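Novice: Structure below; questions to follow.
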Amino acid sequence: MGDIQMLLEMGFPKEKAEYAMKVTNYKGVEPAMEWLLAHVDEDIPGDVTGNTVGTSDANNAANTGNEPGQAETPAAETATSSSAISQAPEAKSLKCEDCGKLCKDQGELEFHAAKTGHKNFSESTEEKKPLTEEEKKRQLALIEEKLKQKRLEREEREKADAMERERNRIKSGKDMTEARKRLEELEMKKLVEQRKKEKAEEKAARERVKAQIEADKARRKLSQQPQIMSPTASQGFQSVTSTTPAEPSIKTPSKEYTQTRIQIRLQDGSTLTETFNVKEQLSAVRVFIQMKTENDEPFGLMTTFPRKVFTAEDYDKPLDILGLVPSAVLIMTKANVA
């Protein structure tokens, strides 16, 4: 709603409301209302556009009277019309025939018609009396009450808007917190699943190593069975060898070993002992150590007498080729030992 419309609702005429807004440089309703209350009995000054019609007619009549031979009939007619107009009653206000209210000007009349819906109006010789001091005070009190009511409504509206903004801020904060919480839960779930997967892979690796060791043991047992001699055959072989005289010129063949006993000294000072087939590779010893110690970190093996550090190529060689028969002591070292 505009400032002028608000002044019209307060009962001020349209011309005065517009003039008051212009005088107060359109600073708002309150300055314009104060000016209107201070100049309630004053009329709006009109624009000075020149002499009136009556003055110009009088001058023309005087000018024509100075000229010789001028007829006096038009002057008489003019005087007669002027007297008729002066005798006619002058309309001082506009009256609403529906409710009897007097309106000072057309603007006030239009506002009254728009507000009440009345349509029957006529000119009236009654003059709208100016407001008395008591009426001025009463109207001022009414205006102040309306301004106070509008101020309270504006404050309530601003308070409601502030509360709505605060609710939206709290809601957005809660939504952000819940989104962050869901993200953390998803990350935690992903970590748990990854850890389960790693444990399953570790378990599968241990099972494979364990199955390989069991297979190596079964293979060693199968390889040892054909080479075991019966007791009677061994006794007969011993009797034959005992009765046969030894010939110093013929060398006895070296004993063929099928198994070797390996002792492993671990890094913490403890020892492990196991029997291996001489044809097994050195990598089987390393797998055995990994299974017993459950150590996944890389390590190396070496002997002290004679000192020998086994390389990556040595782990693919059999134990008898490496000289670890019929028994040997291996020392577990770090991977970077030279």
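Glycine is no exception: its Cβ is also placed from the backbone N, Cα and C atoms.
In TrEMBL, annotation is done automatically, which means it is predicted and not curated.
Pulled the feature table from TrEMBL, pasting it below:
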| type | residues | note |
| --- | --- | --- |
| DOMAIN | 1-39 | domain 'UBA' |
| REGION | 47-94 | region 'Disordered' |
| COMPBIAS | 49-66 | compositional bias 'Polar residues' |
| COMPBIAS | 67-89 | compositional bias 'Low complexity' |
| REGION | 114-137 | region 'Disordered' |
| COMPBIAS | 125-137 | compositional bias 'Basic and acidic residues' |
| REGION | 152-179 | region 'Disordered' |
| REGION | 218-257 | region 'Disordered' |
| COMPBIAS | 223-257 | compositional bias 'Polar residues' |
| DOMAIN | 255-332 | domain 'UBX' |
Novice: Helix, strand, coil: count each for the residues of the region 'Disordered' (152-179), based on DSSP.
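Specialist: DSSP composition of the region 'Disordered' (152-179): 28 helix, 0 strand, 0 coil.
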Novice: In the domain 'UBA' (1-39), how many residues does DSSP assign to helix, to strand and to coil?
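Specialist: Helix, strand and coil residues of the domain 'UBA' (1-39) number 27 helix, 0 strand, 12 coil.
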Novice: DSSP helix, strand and coil counts for the domain 'UBX' (255-332)?
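Specialist: Going through the domain 'UBX' (255-332) residue by residue, I get 15 helix, 31 strand, 32 coil.
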